[in-house]
Amino acid sequence: MLKQRTIKSLVKTVGIGLHSGRKVTLTLRPAAAGTGIVFTRVDLDPAVEIPATASAIGDTRLASVLQKDGARVSTVEHLMSACAGLGIDNLYVDVDAEEIPIMDGSAASFVFLLQSAGIEEQGAAKRFIRVTKPVEIREGDKLARLDPYFGFKLSFTIEFRHPAVDKTGQTFEIDFADTSYTREIARARTFGFAHEVEMLREVGLARGGSLDNAIVLDEHRMLNNDELRYGDEFVRHKILDAIGDLYVVGHPLIAAYTAHKSGHGLNNALLRALLADETAYEIVTFDKIEEAPRAFLPQLQPAFS
């Protein structure tokens, strides 16, 4: 039986909120089978638990934001992406601010944190959402689509007309049947443009943003002194984001995802459209491990590798 997973022990880290610029303490705790991934604002009295679900995503302008009863947890996509990449089904995420810390702008720190805690199987079957017919969302020239596929693969195209981005490639495809999340996706950093950062700071946002946690571009070049971690790091980060955005559906997807200029909002709209059509998906488990898609086999996890 392909089993659910959680972490073995509590693990904690401290980082900076991308928009607030304030110190954030993040604590990850094991959770029982069937719990899902639950975020808790422990700084509130009483504390507010917000399960990671597609319907709980509210604001998507700058990040994926979970909301409940006036409480918010922002920028959850990188941690959710790491959980998807490591096959974590159940986890308590305690945070003492309204943002998950940005760390280095990728999912690598969260992968390290989860692996440091240890990953263990639980006595319940891992549940998957298998897409059974195409689901598509369009918004102008933007597209996000899910198709039936016995595995998990993603294809993403961006369109940023900038010299530094143009020369790195604007399309990337990955199939986790034969590719490692930790090697090929987890280290891709978020990116932004210097003039946009200044505009955000003028309205009290991006106070924690720096060259230490993002790739920053001016009109002509990359301002960071270090090299890109991947030749096409920009589009790979969009795939990292998409994996995290899609994981709030509640279970790993057995599907092919295709996107053109998609973002957090369109990705969430795609999940809502999927869940609204009961004929578009089914919940499945695998009693025999060898019958599961290769991307999710034990030898490819934790970390799809």
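Quick reminder: no glycine exception, Cβ is built from N, Cα and C everywhere.
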Candidate from His78, His162 that Swiss-Prot assigns to the same Zn(2+) site as His237, Asp241: His78
In sequence order, the binding-site residues (His78, His237, Asp241) whose C-alpha falls within 10 A of His264 (active site, proton donor): Asp241
For the Zn(2+) site built from His78, His237, Asp241, further residues of that chain with CB within 8 A of the site's CB center: Glu77, Ser81, Gly105, Ser106, Ala107, Ala188, Thr190, Lys238, Leu240, Gly244
Which of His78, His237, His264, all recorded positions, has a Cβ with the fewest other Cβ atoms inside 10 Å: His264
